[in-house]
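Asks: My questions all concern the structure below.
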Amino acid sequence: MPSILDLPIGTGATGKRKESDSLGEVEVPADHYWGAQTQRSLIHFSIGDDYMPKEVYHAYGYVKKAAALVNEAAGIIPPWKAELIARVADEVIAGKLDSEFPLYVWQTGSGTQSNMNVNEVISNRAIQLVGGSLGSKHPVHPNDDVNMSQSSNDTFPTAMHIATVLEFSNRLIPAVTVLEESIWAKAREWVDIVKIGRTHLQDATPLTVGQEWSGYATQLDDALAFVKHSLRGLYRLAIGGTAVGTGINTPPDFGEKVADEIARLTGHPFVTAPNKFAAQGSLDAMVTSSAALRTLAVALMKIANDLQWLGSGPRSGLHELILPSDEPGSSIMPGKVNPTQEEAMLMVCIQVIGEDNAVAFAGSQGNFELNAMCPIIINNVLHSARTLGDACVKFREYGINGIMLDRSRIDKFVGTSLMLVTALSPVIGYDKASAIVQRALDENTTLREAAVKGGFISAEDFDRIVDPKKMVGDPRHDLKLASE
């Protein structure tokens with residue numbers, strides 16, 4: 001058993017070194033750990049500037065570590081070698097080897113080049129730690145040891161699931177949760193402030209500002225519940241299926257044991273997929289997670305759209321809301337302030353919806369025992385989750401928390417709204433109520449003036465019946481029910 005050295009990351013070499021694979025020798029940069037297959041991918045697939053997300057490689061670290069430990073327990077790899085692979089895998093998980101993963105998203109649809117990138121880097125770093133020669137594949141071979149009992153066809157979908165679960169759990173869900181809490185805080189603060197409602201962009205009956213914002217918070221909560229629900233499918237891992245789902249070249253119960261080990265390492269309840277043919281032939285759990293992101297984007301888009309309309313003005317718009325002034329809004333119009341947080345959120349949501357369309361299309365392209373559209377799916381899902389999470393953080397901090405009400409504007413709209421006539425309809429009938437509205441419009445008077453002047457109702461009865469505060473139900477009860 002060789003001694004494991006305590007060496008800093010870095011080859012300490014310059015120039016080129018020769019590495020080989022089944023197609024022959026390839027020159028690779030001597031200051032990097034990757035090998036021949038990674039270098040071939042860089043040559044053949046240098047397309048655009050979309051790099052495989054680092055989160056995928058961090059997730060692969062968990063896969064390689066767990067597989068090594070399970071292979072050791074099965075007695076098919078020496079303990080020292082499993083320990084060595086696990087040690088380097090920890091460096092991968094921690095992001096210490098991120099610069100060693102240079103591949104583009106646009107590669108083989110199974111993610112084989114990225115799997116081999118991980119295998120080669122772990123192999124060469126492990127070789128370095130025992131004093132060997134980089135590229136020798138001895139004593140740790142990228143295929144025979146690091147990739148033992150595995151295939152790209154089961155490890156890449158597994159890494160996709162792990163990366164998505166971690167992104168959702170560590171970044172997206174917390175960001176949406178605190179945004180929702182801030183919206184609930186506004187709803188409670190403004191629970192009793194009566195405003196005019198709007199449907200079809202036209203005046204409608206009153207509600208309170210708090211009730212309106214409780215709708216935003218609840219819509220966001222429902223979308224967040226869908227995101228959390230999508231985790232259930234992501235917890236099921238394809239590992240153990242190897243090439244086509246049969247588990248060829250794996251020890252007994254390999255998939256179950258690796259999933260258990262990944263669950264232990266990550267703290268998330270990963271399990272083996274009950275049917276590996278479905279887990280590898282389709283990527284439906286990823287499609288579902290993307291659909292959840294789309295639903296969240298739809299909710300956020302509705303909220304942002306409402307806020308920018310309600311903040312329009314300040315003189316010729318609705319201007320019920322006073323939006324925070326983040327920065328000057330125009331290079332030509334002095335003093336102009338724009339709804340920049342809302343616009344940024346809208347663009348993020350549009351991007352997410354577009355990425356979901358790509359994921360859905362890619363998810364439909366599985367052929368027989370493999371869906372070979374893995375890289376585009378994971379790239380889009382992680383990008384959507386990351387941008388939504390970041391947007392929620394900024395939207396809360398600079399868009400929601402500083403919003404104030406223009407009470408005079410709100411009160412003016414309530415006082416002049418013609419839809420308050422709805423309260424009269426049960427008393428004088430729909431037709432007479434409609435006639436009051438038409439008279440108020442024709443004569444440019446208030447609803448009260450039109451009703452009294454037209455002889456439809458006395459002033460005293462009008463004031464008793466048409467009370468906006470009596471037309472909003474029980475706002476505090478509504479908020480209590482909505483938040484439970």
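Glycine is no exception: its Cβ is also placed from the backbone N, Cα and C atoms.
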Asks: Would you please say which range out of 1-22, 309-330 has the annotation region 'Disordered' in Swiss-Prot?
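Replies: Checked against Swiss-Prot: region 'Disordered' maps to 1-22.
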Asks: For Thr199 (substrate binding site), name the DSSP secondary structure in the helix/strand/coil scheme.
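Replies: Strand, per DSSP.
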Asks: Could you give the Cα-Cα distance between Ser152 (substrate binding site) and Glu343 (site 'Important for catalytic activity'), in whole Å?
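Replies: About 41 Å separate the Cα atoms of these two residues.
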Asks: Hey, how far is Ser110 (substrate binding site) from Glu343 (site 'Important for catalytic activity'), Cα to Cα, in Å?
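Replies: With distance taken Cα to Cα, Glu343 (site 'Important for catalytic activity') is 37 Å from Ser110 (substrate binding site).
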Asks: To which of the binding-site residues Ser110, Thr112, Ser152, Thr199, Asn338 does the lowest count of other Cβ atoms within 10 Å belong?
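Replies: Ranked by other Cβ atoms within 10 Å, the binding-site residues Ser110, Thr112, Ser152, Thr199, Asn338 bottom out at Thr199.
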Asks: What's the CA to CA span in angstrom from Lys336 (substrate binding site) over to Ser330 (active site)?
Replies: 6
